[in-house]
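Working notes for the structure below.
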Amino acid sequence: WIMGHMVNAIAQIDEFVNLGANSIETDVSFDSSANPEYTYHGVPCDCGRTCTKWEHFNEFLKGLRKATTPGDSKYHEKLVLVVFDLKTGSLYDNQASDAGKKLAKSLLQNYWNNGNNGGRAYIVLSIPNLAHYKLIAGFKEALTSEGHPELMDKVGYDFSGNDDIGDVANAYKKAGVTGHVWQSDGITNCLLRGLDRVRKAVANRDSSNGYINKVYYWTVDKRQSTRDALDAGVDGIMTNYPDVVADVLNESAYKAKFRIASYDDNPWETFKN
């Protein structure tokens, strides 16, 4: 999965997919009542990027729905996965469940079109703080009470705080999650980070009793760091330059081993060689 980083304006969806992304990451900020409010990152952000592009969250969802609904004039067949980077740092821990409920209702109405031919992309809820694990139960509860528990089949999870792998496993246990797990590891492109924790995550993914289904690394903008991540065995690379990652995947060393995921590739299934 080539994951376009910080896609917060509707116009950027086309831009990143046209550069080669089959997945995008979008920032979600919350108001003081735990309502998802804007797709907005803010300053500071990655080096070489504008940090302040934004939409109202529900408007972004409508644009995203068009981009992922077959038959729509804005449809991109290639765009199959969306990571919502949930900026829950502004919330109290006891608001996490409410944030999950409100997020689910927004998605149900504006993205899934109340279950009636909505957007088809798989969704990853990326949570920065292990203490906010109740967001997951709140999300599930709202979809169930609104009569659409089946949409949970399209939803996966990520804890993005670079926590110890054992602590992450424990948070999922508390959240009652037993699958659909993406594990992120990374740092802003302004700084360097080694691949030690990525290798631990990949080892967990490939073990018989691990909790991880997929591993992605962020934010990778250079050819050499792309190669290093692929050599470590990641499933996804988040990047500001999807064309760079696409170019590396076309190199003979990687062409035989990797391909770009399509809609038919289940993002919740661990890939077995």
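Heads up, the Cβ atoms here are built off N, Cα and C, so glycines get one too.
H5 (active site): 29 other CB atoms within 10 A of its CB, across all protein chains. What Swiss-Prot lists as active site is H5.
What Swiss-Prot lists as active site, nucleophile is H41, and the listing cites similarity to another entry. DSSP assigns H41 (active site, nucleophile) to coil in the three-state reduction, placing it in neither a helix nor a strand. Applying an 8 A CB threshold to same-chain residues 6+ apart, the list for H41 (active site, nucleophile) reads M6, N8, D27, C51, T52.
As annotated by Swiss-Prot, Mg(2+) binding site applies to E25, D27, D85, with the evidence given as similarity to another entry. Secondary structure from DSSP puts E25 (Mg(2+) binding site) in a beta strand. Of all Cβ atoms in the protein chains displayed, 27 besides its own lie within 10 Å of the Cβ of E25 (Mg(2+) binding site).
Residues or ranges marked as N-linked glycosylation site by Swiss-Prot: N250. Taking all protein chains in view, 11 other C-beta atoms sit within 10 angstroms of the C-beta of N250 (N-linked glycosylation site).
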Separation of alpha carbons, H5 (active site) and D85 (Mg(2+) binding site) (Å): 10
Secondary-structure category, per DSSP, in which H5 (active site) falls: coil
Non-site residues, in chain order, whose CB comes within 8 A of the mean position of the CB atoms of E25, D27, D85 at Mg(2+): H5, M6, V7, N8, T26, V28, H41, V83, F84, L86, K87, S126
D85 (Mg(2+) binding site): secondary structure state under DSSP, collapsed to three categories: strand
